[in-house]
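Trainee: After the C-alpha cells below, expect a handful of questions from me.
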Amino acid sequence: MAHISRTAYANMFGPTTGDRLRLADTELFLEVEKDFTTYGEEVKFGGGKVIRDGMGQSQVVNSECVDVVITNALILDHWGIVKADIGIKDGRIFGIGKAGNPDVQPNVDIVVGPATEVVAGEGKIITAGGVDTHIHFICPQQAEEGLTSGVTTFIGGGTGPVAGTNATTVTPGIWNIHRMLEAVDDLPINVGLFGKGCVSKPEALREQIEAGAMGLKIHEDWGATPAAIHNCLNVADEMDIQIAIHSDTLNEGGFYEETVKAIGDRVIHVFHTEGAGGGHAPDVIKSVGEPNILPASTNPTMPYTINTVDEHLDMLMVCHHLDPSIPEDVAFAESRIRRETIAAEDILHDMGAISVMSSDSQAMGRVGEVIIRTWQCANKMKLQRGILEGDNEHNDNERIKRYVAKYTINPAIAHGISHEVGSVEKGKLADLVLWNPAFFGVKPALVMKSGLVAYAPMGDINAAIPTPQPVHYRPMFACYGKAKFKSSMIFLSQASIEAGVPEKLNLQSQIGEVKGCRNISKKSMIHNSYTPNIELDSQTYEVKADGVPLVCEPATELPMAQRYFLF
C-alpha cells in the first residue's frame with residue numbers, strides 16, 4: 001500500500017480527519033471530524049489530475065451527473081465540520097459525499113460527467129451563505145456589500161433613504177411592498193420584506209401579507225403598544241408568518257412586563273435584545289430568558305470594545321431622527337447606551353442564550369460585518385472565558401458550530417425559510433461561500449448563488465491571468481442577465497403566493513414560500529437555545545444569568561481587523 005505524509009496530503013487534497021485549522025488570525029481552531037472521500041480515490045481537476053475522461057470523469061449524459069462539483073471541500077456548518085465533495089444540480093445541493101466516476105472508482109455517490117464544472121475546494125472552508133434578518137433597505141448597493149462579505153439572504157424592510165426606513169425595517173402597505181418587490185427582483189441576493197405591524201386592527205395587516213410581505217415588524221417609532229403586539233401576533237398565527245419587534249424604549253405604551261403579557265406564549269423574534277439598538281430601557285435584555293422569544297443581536301455592539309460606547313450616541317441620533325439640541329432627544333438616546341448590558345451581550349452569545357446575529361444595515365449597523373463581528377465575539381469570549389464545554393485544548397468545534405449557527409441556520413428557522421437556505425444540506429439552494437482559512441470570515445474566495453459564482457476577488461481584466469493587481473471584488477455571471485433571476489429567491493407569504501402576486505408583478509426570481517413560523521420556540525435555535533433566568537439591576541444595570549453576574553472587559557484589540565483592511 002502506498003503512503004503519503006499528512007503534510008503532503010493536506011497540500012494536495014486539503015485537510016482530512018484529525019487535521020486542525022486556524023480561523024483567520026483568531027485563536028479559534030477547528031478539527032476535521034470526518035472525511036467522506038476515499039483515500040487514494042480523491043478527485044481533483046487540473047493537468048495530470050484525476051478528473052479526466054475515463055478516469056474521474058464518467059461517460060454519462062447530463063441528467064445522470066451533477067452540474068457542479070466542489071472537490072475536497074472542508075464544510076463548516078452547524079451539523080458538523082467534515083471533509084467531502086459537494087455536488088450541485090439545478091442550483092441546489094444534490095449531495096455531500098464522494099464524487100467521481102462509478103465505472104472505475106468505489107463509493108461514488110456524486111457522479112462527475114461531461115456536463116460537470118469543477119470548483120476546487122482543496123484547502124478551502126465552505127459555509128452556507130449568511131442570512132441577515134435586520135436589513136434597512138436604505139440603498140440597493142447594500143446587496144453588493146453583503147454578498148462580498150458572505151451574506152446571501154436579506155430580510156428586512158424599507159423603501160430607500162427616507163426617514164421611515166432610516167429608523168425602521170418596514171415596507172408599509174400594498175403599493176410600497178409591490179414597488180420594492182419589483183425593485184429587489186433585480187438584485188442578485190435572496191430577499192424577504194417586512195410589512196408594518198404597528199396596527200391595532202387586523203385588516204391592514206392581512207392585506208400587507210397578501211401583498212407579499214413575508215413577515216411584519218413592530219417598531220417603537222411607529223408605536224409598539226400592547227394592543228398592536230397582541231393584534232399582530234393574532235394575524236401571524238392565522239397566516240403563518242413571523243413577527244419581529246423593536247419594543248418601547250421609553251416605556252410609554254407599557255413596561256417590559258406589559259409587552260411580555262401581550263406576547264403571551266406566542267413566538268416572536270426580538271431584535272437587538274441587549275437594548276442599545278432599542279427596546280424597553282433598561283430591561284429588554286430579560287427577554288433572553290423567555291422560552292417563546294427568539295433573541296437576536298445587531299452588530300454595532302458586537303463585540304464589546306473600548307470604542308463601542310463612544311460611537312453609539314451620534315449613530316443613534318442620526319438613525320432615529322433625533323435633534324441633539326433637544327434635551328429630551330438626547331435623554332432618549334442616552335437611555336439606550338449601557339456599558340453593563342453591552343458587556344453581558346457577549347457572554348450571553350457565548351452561553352448560547354442569544355440565538356441570532358444580524359446587521360441593522362446603515363441604521364447603526366454595518367451590512368458587511370455580520371460575519372466578522374460574530375467571529376470577533378467568539379474569539380474575545382475564548383480569550384476571556386476559556387474553553388467552552390464540549391471543546392478541548394485541541395479544537396473549538398462546539399464554539400465554532402454555535403457561532404456559525406447564529407448567522408446561518410437560526411435566522412432561517414426563525415423566519416420560516418430553513419427549508420431553502422441556512423445550511424449546507426441536500427436539497428437546499430447552493431448558496432455557498434468558499435474561504436481561504438487565512439481569510440476566513442473576512443474576505444471570501446468565492447460567493448456562489450444557486451451554484452453559480454456571484455462575486456469573487458478578480459485581478460486586472462487585461463492581464464494574462466486572473467490574479468495580477470489590482471485585485472478587488474467584482475460581480476460575476478450570477479449577477480448578470482437572466483441568470484440573476486435563476487440565482488436568487490424572493491421569499492413570500494403563502495397567502496401572497498396563493499393570491500398570485502408573483503404573476504401580477506411579473507417577478508422573475510425564484511419564489512420561496514415562508515412556512516413553519518408559528519410552531520417553533522427558543523428550543524428550535526440550534527446550539528443557541530439556552531434560556532437562563534435573567535436579572536437586571538435597574539440602577540446599576542448589572543446583569544445576572546441564573547444568579548451569576550455577567551461581567552467582561554472591553555477588548556482593546558481584535559482579530560480580523562487592521563491586519564486585513566487598510567481603511
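Placement of Cβ uses the backbone N, Cα and C atoms for every residue, glycine included.
Sequence annotations record features per position, and here Swiss-Prot assigns active site, proton donor to H320 based on sequence analysis. Per Swiss-Prot, Ni(2+) 1 binding site is recorded for H134, H136, K217, D360. Residues or ranges marked as Ni(2+) 2 binding site in Swiss-Prot: K217, H246, H272. Per Swiss-Prot, the feature substrate binding site maps to H219. If you look up Swiss-Prot, you'll see 129-567 marked as domain 'Urease'. Annotation source Swiss-Prot lists N6-carboxylysine at K217.
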Trainee: Nearest to D360 (Ni(2+) 1 binding site) by Cα distance: which of the recorded positions H219, H246, H272, H320 is it?
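Mentor: Of the recorded positions H219, H246, H272, H320, H272 has its Cα closest to that of D360 (Ni(2+) 1 binding site).
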Trainee: Quick check: which same-chain residues outside H134, H136, K217, D360 lie with their CB within 8 A of the centre of the Ni(2+) 1 site CB atoms?
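Mentor: The surrounding set, listed in chain order, is I135, G156, G157, T168, T169, A244, H246, F271, T298, S358, S359, S361, A363, G365.
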Trainee: Restricting to the chain of H134 (Ni(2+) 1 binding site) and a gap of 6 or more, list residues whose Cβ falls under 8 Å of its Cβ, or answer none.
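Mentor: Once residues fewer than 6 apart are set aside, H134 (Ni(2+) 1 binding site) is near I155, G156, T169, A244, F271, H272, A296, T298, S358, S359, D360, S361, G365.
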Trainee: Measuring CA to CA, name the entry from the recorded positions H136, K217, H219, H320 that ends up nearest H246 (Ni(2+) 2 binding site).
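Mentor: Checking each of H136, K217, H219, H320 against H246 (Ni(2+) 2 binding site), the shortest Cα distance is to H219.
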Trainee: Output, ordered by sequence, the same-chain residues six or more apart from H320 (active site, proton donor) with a CB under 8 Å from its CB, or 'none'.
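Mentor: Listed in sequence order: A167, D221, G278, F332, A333.
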Trainee: For H320 (active site, proton donor), what is the secondary structure by DSSP, using just helix, strand and coil?
Mentor: coil
Trainee: Within 8 Å of the centroid of the Cβ atoms of K217, H246, H272, which other residues of that chain place their own Cβ, given that this set defines the recorded Ni(2+) 2 site?
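Mentor: In sequence order, the nearby non-listed residues are H134, T168, T169, I218, H219, A244, I245, S247, V270, F271, G277, G278, G279.
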Trainee: Sorted by position, what residues of the same chain at least six away from the residue listed as 'substrate binding site' have a C-beta under 8 A from it?
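Mentor: Set apart from the residue listed as 'substrate binding site' by at least 6 residues yet with Cβ under 8 Å, we have A167, T168, T169, V170, C198, I245, H246, G278.
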Trainee: Using a 10 Å cut-off, grab the number of neighbouring Cβ atoms around the Cβ of K217 (Ni(2+) 1 binding site), all chains included.
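Mentor: 29, counting other Cβ atoms within 10 Å of K217 (Ni(2+) 1 binding site).
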